[in-house]
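As annotated by TrEMBL, transmembrane segment applies to 28-48, 60-80, 92-114, 159-180, 200-219, 252-274, 290-311, 318-337, 343-365, 377-396, 402-417.
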């Protein structure tokens, strides 16, 4: 017990550690532990897509108003990573940032209980903001950690595999929702049974978060400092980018723009996927199942993309260009078809979104050296594109229909490509 109390959990960011030369085998355990976190925010994000649709029915709100859930969740990504989360990461290191993010996330999950009791949409939005704040803090540390913990040539593969685990969480969440929260027996129920089920699941997630906090405190964790990144970058590319001031890291700023537009488009498609399927003739429970299938394709193709990236001929930037191009092709086809065909086209959009986020992220961090943590914070903040595109999409759903509204994410894919 005394050994645990005396455990050193922080390290100065100007300290050079052995992490600068981690081998693939040495980096395996810490990367596996951090990868478990990706399931958490995949699950939370998957529930967000389902709650967006079902709250329209159970709380009698419009598609535009339901987009406030996404605005609250992704608004936290706009505020936290460049400010508090970045400060904690740079001042106290990865371990403390992981623990802080998990604690904030657990508080947000607990807040779902009173929100459900009072059937308060405003309360759910507030709870979702706190959940987003916790996940934003986790992601501020987790994405850069996986990008830099281990041999640099495997950075895209590490992050794509972790994102595939996130995809599994996004697959499980709508499937659970369609079977347990808002199944066929509860889909037309306005008495609140579905909302009670949501409360219990978030309570269980909060308990799991607390257990993970203890695990991150006890398990030895690698701390990768800015000084380590400087050493590693000099060994790879010399001093070209490492001596540049942060304001001249132009590749990073282009990646932030691309990430902002891509995530906005991705979230808009997922948020209104169920509305789109209902418009195409499916009921709400079946639409949730179809969303789960789409998220399953998304997760599967992330594993495929990770495998392709191990082949030298498949360069990350070419993969990104092809996948974003296919997203544009299939979302355009979904807009201009109807029925089962349009649903299939939109599911293919989810499938080919798979490697875009991780690849943009790692390409944006490449060459930053001592600026890696700050650059990672900005790339995580770019996830706040999810608070901009869904309200615009919801407004078009209200004014016209879901098929027309898909033009908003289509524009997002074009802007991300540019």
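Cβ from N, Cα, C; glycine included.
Automatic, uncurated: that is what TrEMBL annotation is.
The transmembrane segment (252-274) makes no contact with the transmembrane segment (92-114), as judged by fewer than three Cβ pairs under 8 Å among residues 6 or more apart in sequence. Among residues of the same chain six or more beyond the transmembrane segment (290-311), those with a C-beta under 8 A of the stretch's C-beta atoms are 46, 49-50, 156-157, 160-161, 163-168, 170-175, 178, 270, 273-274, 277, 282, 319, 323, 343, 346-348, 350-355, 358-359. Of the Cβ pairs linking the transmembrane segment (200-219) with the transmembrane segment (60-80) and spaced 6 or more residues apart, fewer than 3 are under 8 Å, so the two regions do not touch.
Using a cut-off of 8 Å between Cβ atoms, the transmembrane segment (28-48) and the transmembrane segment (377-396) share fewer than three residue pairs, counting only pairs 6 or more apart in sequence. Between the transmembrane segment (60-80) and the stretches 92-114, 159-180, 377-396, 402-417, it is 377-396 that has the most C-beta pairs under 8 angstroms.
Beyond its flanks by at least six residues, the transmembrane segment (402-417) meets 257-259, 261-262, 264-266, 268-269, 272, 275-276, 278-279, 321, 324-325, 327-328, 331-332, 334-335, 338, 342, 346, 356, 360, 385, 389, 392-394, 396 of its own chain at Cβ-Cβ distances under 8 Å. Tertiary proximity for the transmembrane segment (92-114) is limited to same-chain residues at least six positions away from its ends with a CB under 8 Å from its CB atoms, namely 9-11, 13, 34, 37, 40, 44, 85, 120, 123-124, 126-142, 145, 198-199, 202-203, 205-207, 209-210, 212-213, 216-217, 221-225.
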